[in-house]
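A short worksheet on the structure shown next.
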Amino acid sequence: MASPAPAPPAASSSAAGSAPPPRIGLAGLATMGQNLALNIAEKGFPISVYNRTAAKVDATVSRAEAEGALPVLGHRDPRGFVLSLSRPRTVVLLVQAGRAVDATIDALVPYLDAGDAIVDGGNEWYQNTERRIEEAAARGILYLGMGVSGGEEGARNGPSLMPGGHIDAYNNIRDILEKAAAQTEDGACVTFVGPGGAGNFVKMVHNGIEYGDMQLIAEAYDVLRRVGGLSNSEIADVFAEWNRGELESFLVEITADIFTVADPLDGSGGGGLVDKILDKTGMKGTGKWTVQQAAELAIAAPTIAASLDGRYLSGLKDERVAAAGVLEAEGMPSGLLETINVDKKMLVDRVRQALYASKICSYAQGMNLLRAKSVEKGWNLNLAELARIWKGGCIIRAKFLDRIKKAYDRNPELANLIVDREFAREMVQRQNAWRWVVARAVEAGISTPGMSASLSYFDTYRCSRLPANLIQAQRDLFGAHTYERIDRPGSFHTEWTKLARKSNGAAI
């Protein structure tokens, strides 16, 4: 049981002394944790903060004072931190996923009481959250795994929040989360996602869609640059213009900004910083988890998978440079395989259409994965509500999420976004431009794995008769796996080799 004698805070802002005891505390004061704590305090909720290193506690309290004397109480030991909170206590963790979460929980649990709650706001593997829910329940402690999206700026000014686990833990701080979350015309960008590890799983898929989005945008840039010869300044203008239309989104907006930034280390001031960045993309694992889950649930997610493969291949920088040298020595051109004379305005418009259609495929794949997992786990995920809370604060926030929400509102059992009437119409209208862009990229030798995978996904999904019949015949021949017929029910097996030899003999 917790002691009734909490230690005084090690440091606090001037406003904290007159504030009531906090209902909520936050442990883990790296960039995301510090900014979320200040966000909560700015919304009028006193908050206690704790970190293993005292310097980050002091830095957070100093920021709280500098940013408006926000009610933040800093603690340097877990006991004083926990006992500073009024009951039922809620402790938010924003530490590195995995062992660090378990270690932080172990440090805090001795001072928590039954009915208190732990909220893990990291990018955690959902099964770890489900394990911790059971462990916490054995002590009478409530637990939430809460996805937090929006990066540093979102954490400070309003993220998208995806909590899942014990609904009582959510209800205890619902008012706080609704104030701290990003706000749109449809309300706060937070909702109780579902039980168990639902919140972390939804955030994982959000990140998988994010991988796809970023890959598609990078491919659009590459085609504009290499086929159209657009300068960084022109590309900045293109993305800024796109952000005023159907492609309006956080990622398109920041892409436009990136192309306006000069290299601060270039004395001439003429070079773009983006051109000096090594072409190796980092990752933290959520994209890989998304692709693994899609495979386990038999959900096709080729756009997201292509984006993950793209990151893997980008990491092979030395191998790619060596391969280019070997192939050039054998006669492979070092530049474009084919020079394409194209009007820039037409190219920009067609790339816009290809990017939009490809993005729909990426979101469709993510939504289908969410539904499949929801069915498997009995989470009863509301896809329209998830689209709603992604409209603001998060990295994949986009104008067309409102239309995705409406599509699932119209039909919660929608098989695929591609067959929603509105999106279907747009896909058909854009397919010619989409095909043109992918074809020109192939002709020129420009890699567009995301757009190509998206187009193949679209063509495969709309095809009423695939060549899978031949694959099933092959499986039956070498493995006796049987097959179904289109003209009668049941499973069938054929002695293919015997019949083929007999047929070949008869032909001779």
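Note that the numbers count up from 1, one per residue, in the order the chain is shown.
Cβ coordinates are placed from backbone N, Cα and C, and glycine is handled just like the others.
Cross-referencing N123, N157 with the NADP(+) binding residues that Swiss-Prot gives (G28, L29, A30, T31, M32, G33, N51, R52, T53, V95, Q96, A97) picks out N123. If you count neighbouring Cβ atoms within 10 Å for each of the binding-site residues G28, T53, H481, the highest count belongs to G28. Pairwise Cα distances among N123, S149, G150, G151, H206, N207, Y211, K284, R311, R475, H481, the recorded substrate-binding residues, top out at 49 Å.
Looking at N51, Q96, N123, the binding-site residues in this record, the fewest other C-beta atoms within 10 angstroms of the C-beta turn up around Q96. Taking the Cβ of K203 (active site, proton acceptor) as centre and 10 Å as the limit, one finds 28 other Cβ atoms among all the protein chains shown.
When the Cα atoms are compared, G150 (substrate binding site) and T53 (NADP(+) binding site) turn out to be 25 Å apart. Maximum intra-site Cα distance, NADP(+) binding residues G28, L29, A30, T31, M32, G33, N51, R52, T53, V95, Q96, A97, N123: 22 Å. R311 (substrate binding site) and M32 (NADP(+) binding site) are 24 Å apart (CA-CA, integer value). Less than 8 angstroms from the CB of H206 (substrate binding site) sit G147, S149, S160, M162, G366, W390, C394, I395, I396, each of them six or more residues away in the same chain.
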